[in-house]
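The feature Zn(2+) binding site is assigned by TrEMBL to C87, H90, C158. According to TrEMBL, the feature domain 'GTP cyclohydrolase I' maps to 17-186.
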Amino acid sequence: MLPEAVTTPHPTRAEAEAAVRTLIRWAGDDPAREGLLATPARVVRAYEEWFAGYRQDPASLLSRTFGEVGGYDELVVLRDIPLQSTCEHHLAAIRGVVHIAYLPNQRVVGISKLARLVEAFGRRLQIQERLTAEIADTLAKVLQPCGVAVIVEASHECLSSRGVRLHGISMQTRRLLGEFAHEPRRGEILAMLAG
Ligand SMILES: Nc1nc2c(ncn2[C@@H]2O[C@H](COP(=O)(O)OP(=O)(O)OP(=O)(O)O)[C@@H](O)[C@H]2O)c(=O)[nH]1
Ligand SMILES: [Zn+2]
């Protein structure tokens, strides 16, 4: 589940800070001036938060499930889970929301774990399509529900702050599995989540 990059040798903190100093020089400033002296250390610490997902095993987040659901077999829907991610092409921010729905198969998972799953995949270098697929596929594999739907709506700073510099564009991606891949569940869940 963890990407290959995690298995390659990890740079030292000093190497990572030197790389930040190089980027500061590339931006046109002087990493030796007072205001920037502590910046490489701060940026490296920030990277540990922004990319904490590489140190998480998303499947294990879903390992605790609850079976005493009183026969509940209808939709479980979590809307508007905040998404913070980073585009793998430009290292620019991706911000948005994720909607997750599943149809339980006797067992349910704690709702916070769905948000943690989004965070574990979001806090990596991503394209939105893969992020969407990874969230849905992990839920399907671990929970084995009757259906999974994941919809991601996000804006990409690489579109707004550089390049075409267009604001107000949001991208929607979705993955529908199991019963949600077919009517009538498909229409039902899309009407509910993708409006
Ligand atoms: N499909 C997809 N594309 C993305 C995502 N994030 C960024 N991109 C796009 O990735 C593409 C990379 O294209 P390139 O031509 O290699 O890079 P570029 O010259 O910086 O492209 P421009 O952004 O058009 O200036 C761009 O079109 C981005 O808009 C994503 O999550 N999914
Ligand atoms: Zn980008």
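Note that the numbers count up from 1, one per residue, in the order the chain is shown.
Cβ atoms are placed via backbone N, Cα and C, with glycine included.
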For C158 (Zn(2+) binding site), the number of neighbouring Cβ atoms whose distance to its own Cβ is within 10 Å equals 17
Across the whole of the domain 'GTP cyclohydrolase I' (17-186), what does the mean pLDDT come to? Round it, please.
-> 97
When you average the Cβ positions of C87, H90, C158 for the Zn(2+) site, which other residues in that chain have a Cβ within 8 Å of that mean position?
-> T86, E88, H89, L91, A92, I94, H156, E157, L159, R162
If you draw a 10 Å sphere around the Cβ of C87 (Zn(2+) binding site), how many other Cβ atoms fall inside it, taking every protein chain shown into account?
-> 18
Other C-beta atoms that fall within 10 angstroms of the C-beta of H90 (Zn(2+) binding site) | 14
Conformational class of H90 (Zn(2+) binding site) under the three-state DSSP mapping = coil
